[in-house]
Structure formats: C-alpha cells, structure tokens
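Asks: Sending over a structure as structure tokens; questions will come in a sec.
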Amino acid sequence: MTVQRKKISLIGAGNIGGALAHMVTLRELGDVVLFDVNDGIPQGKALDIAESSPIGGFSVNIIGTNRYGDIKNSDAIIITAGIARKPGMSRDDLLQTNAKVMKEVGENIRKYSPNAFVIVVTNPLDAMVSVVHKFSNLPANMIVGMAGVLDSSRFRYFLARELNISVEDVSAFVLGGHGDTMVPLIRCASIAGIPLTQIIDMGLITQEKVDEIVKRTRNGGKEIIDLLKSGSAYYAPASSSIYMLESYLRDEKRILPCATYLNGEYGVKDLFIGVPVIIGKNGIEKVLEVKMDDSEQEMFNKSVNAVKELVKSLSL
C-alpha cells in the first residue's frame, strides 16, 4: 500500500522560506514546493537541500518553482513572501508593499489550493493575514498568523537565561498584535508550574528585571535586525511556523498563541489578533478566552486598536 505524503508549499524562498524548506524535509513532514517570483532562487535552494538528502537521511521530494500552478492541491501553505525589514524600518513601514504581494498570493491560493491550511508569516503580520484571508476566501479556521509562538519563545528564552534554568521549564505566552503593543502576560507565566509572581516573591528575579525582559521581548525582532545590519530573524520564525504546522498535520491539538480571526471572542469582531488557540486536524479548533486583569485588558485593547488602525490604512 502506497502512503500518500502531504504536500507543503512554501511561498517565498528568502531566508525564512529556505530555513523552512530545510526543516520540513529533515522532519519528513511532506513533499515540499518552494515558490518564489525570482527565477533561480527557489530552484537553487531546493536543489541544494535535495543534494543533502543522502546524508541528511530524508527521502521526501522538494522542488523549486516560479509557477503558482505548482502549489495546486497543497495540504498546507506557509507564506513568507514580501520584503523584509531593514534597520530603522518598523513592521508597519512594510504595509502597502507587502499587502500587494499578499493579495496576489491569496488569489492564487483561492485558485489552486482552496482547502489548504495556511500560515502567514509576512509582516506586518496582523494586517497581512487579513489580506490573505480576504483574497483567498479561506474559512477563518483554516488561516492563521505566526507571531505569538515566536514572541512567546523569545519571552521564555529571556526568562530562562536570566533565571539560569532550562527553557523547557518556562511556560509563558504573549497576546495581542505582533508589534510594539504585544502583551506578554506575566501573571500567566510559570516556572516548572510555579507562578512567575511567586518566583519574584522568592527573590530569584526582580520585577524590574521582568519588566526589562518584557521590553526586550517587544523589541526582539528589532534587536536581531540591528545586529545583522542586513536582513531579519529567520531561524526562530521558521521554527515557530514548523511548530504550528506539526500541530495541524499530526492533529496534536497544541495550545498556541496565534493571530486568529475573532468573531466576538475577547469582545473583538472581524479582526485577526494574537490569542491562544487549539490547532488540530481541523485547523483552528478552538479559541481560548483568557481572563485578564484591568491592566492587561488595557494593554490588550491598545494592541487591538493598533491592529485596527493598521488594517484600516490598507489601500486595497
């Protein structure tokens, strides 16, 4: 009996797209189609990855292409296409340029892969996932933005390093938009099951240091851009996308913070915003509504309003 492998299409063959292609093949999550509008780049990266298969120990197929038709009947699609942030540039500066790219991508998903589960990575994330949703006509449960998983990973890493403990013992997540107004929920963070607030009371870390970590988390992407001088983060964004993809393909039902479509949850309607969701074989299977205190609610509302303004300024 022949086992039909999943088909995973990656739209954009830049740094994140290339890293994603390598990770998908190494994990043998499915056959890969690496798409980019620039001739030669997806073909070259796909060939490079394919040539590593004898020593990498994977047997899935990977092709590079400039034809949208090759993404036909994909099981899952991850979108990283668009221009990347440069030093001094905010995610919002990317808005109009990348919105046009997302419109084209969305229209082709609608044409060739209307049943795929789609993960959007392109910035400014919360607005871009709205554009893809609009032009792809995908059901709201089958499209999601990758942001909260990455922001939460940064938050967890910074806490672990400061406490000098394993990152695996740190549980924390971030709500809201993927930008300066994101809301790392300190009250919900825990260390090996012990609330972070108690860890502060024990004197293992100060509130001031936690506040610094929150600020660093908000500026996590900018910090890497400033260090690289050219380009932006790609290993952590790619890893975060794979985490979400695996939960869908393997029906793991992981609870992950993602930019998802809200239709009344959290008092928000018709907007993609970062909240915890369950991802399984049916895509976004449930939105979890976390109760917030007054301060957290105020920050969340500010983040929601920032995303609303961003979406409103789209000229499509």
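Count begins at 1; order follows the chain as displayed.
Using N, Cα and C of the backbone, Cβ positions are placed for all residues, glycine too.
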Asks: Can you tell which of Asn61, Asn73, Asn98 Swiss-Prot lists as binding NAD(+) with Gly12, Ala13, Gly14, Asn15, Ile16, Gly17, Asp36, Val121, Thr122, Asn123?
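Replies: That NAD(+) site, as Swiss-Prot gives it, pairs Gly12, Ala13, Gly14, Asn15, Ile16, Gly17, Asp36, Val121, Thr122, Asn123 with Asn98.
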Asks: Which residues in the same chain, at least 6 apart in sequence, have a Cβ under 8 Å from the Cβ of Gly12 (NAD(+) binding site)?
Replies: Phe35, Asp36, Ile79, Thr80, Ala81, Gly82, Thr122
Asks: Specify the count of other C-beta atoms within 10 Å of the C-beta of Arg154 (substrate binding site).
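Replies: Counting Cβ neighbours of Arg154 (substrate binding site) within 10 Å gives 25.
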Asks: So of all those binding-site residues, Ile16, Arg85, Asn123, Arg154, which one's Cα sits nearest to His178 (active site, proton acceptor)?
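Replies: That would be Asn123, nearest by Cα distance.
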Asks: Sorted by position, what residues of the same chain at least six away from Gly14 (NAD(+) binding site) have a C-beta under 8 A from it?
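Replies: Same-chain residues close to Gly14 (NAD(+) binding site) (Cβ under 8 Å, separated by 6 or more) are Asp36, Thr80, Ala81, Ala84, Tyr234.
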